[in-house]
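**Student:** The structure that follows is given in the form of structure tokens.
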Amino acid sequence: MAQRTLIASFKQVDAFADDDKYEHNEDGTIQEEVVYVTLDLGQVEPTLVPSTTSYRLIGLDTPTPYLQLQGTVFKGQHHTLLGTELLFTDSRDEQHELLPSQKSLANIGTTESRIQFKDVQLKPKDDSSSTPEKTASIKNVRAANYLVASDTHEGRGRGRGRGRGRGKGKSRGGANSQNTSQVTEEPVPELMEVDKVPTEGDAGQSDGLVAFPTQWPSTEPRAGTENPPMDVDYHLG
């Protein structure tokens, strides 16, 4: 059964890959590079490290490596040292056990880098942080639609009819952008055509107008005129 790892996407392995996948020296041995790194845990519980039989170190070659000791998780950060640190180990034998006051330290290597860790608590990623941004974007879209609707209604608020007709409707995109005002126009009365009164010489010509019977009144002769009285009736059409 596979053990649970610190990060779900990582897979725990119990053995390294085949030797064919590594670089080899001329004599056929695997080319290895040993680098010592100091893990600085800072202030931790005194019993945490001695009581831990195993640890998990994830992402050692990344900018933020993680270290797990039992149920405690640490987040690290690389630091380059100005000098070189000497690493020693405590080597005991039967002779030194007889004299506990004397300690034997053996140099195991040097290091020029250190990783400082601090205790962190991992939490699952929550999508609630993106909710305010989505809400704000929806409000901005609604506000933009409201402004566009208001400008459209104000532009169509005033109307001018033909002739003497004038639109009475006037709308303002104010209280509610969904209410649209309708522009109403009064019916424009048709212009009446006035018939041209015929004169002498053009009687009987309608000039494209509708002819109707016209009766001229009788005229009486005035004093000093030579024209005899007569009644003239003109019938057009």
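Heads up, the Cβ atoms here are built off N, Cα and C, so glycines get one too.
TrEMBL entries are annotated by machine, without manual review.
Residues or ranges marked as compositional bias 'Polar residues' by TrEMBL: 129-138, 175-184. Residues or ranges marked as compositional bias 'Basic residues' in TrEMBL: 158-171. Per TrEMBL, the feature domain 'Transcription factor TFIIIC triple barrel' maps to 32-123. Look at TrEMBL and you will find 120-237 tagged as region 'Disordered'.
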**Student:** For the domain 'Transcription factor TFIIIC triple barrel' (32-123), report the average pLDDT of the model, please.
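**Tutor:** Across the residues of the domain 'Transcription factor TFIIIC triple barrel' (32-123) the model's pLDDT averages 82 on the 0 to 100 scale.
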**Student:** Counting by DSSP secondary structure, give me helix, strand and coil numbers for the domain 'Transcription factor TFIIIC triple barrel' (32-123).
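**Tutor:** Taking each residue of the domain 'Transcription factor TFIIIC triple barrel' (32-123) in turn, the totals are 5 helix, 45 strand, 42 coil.
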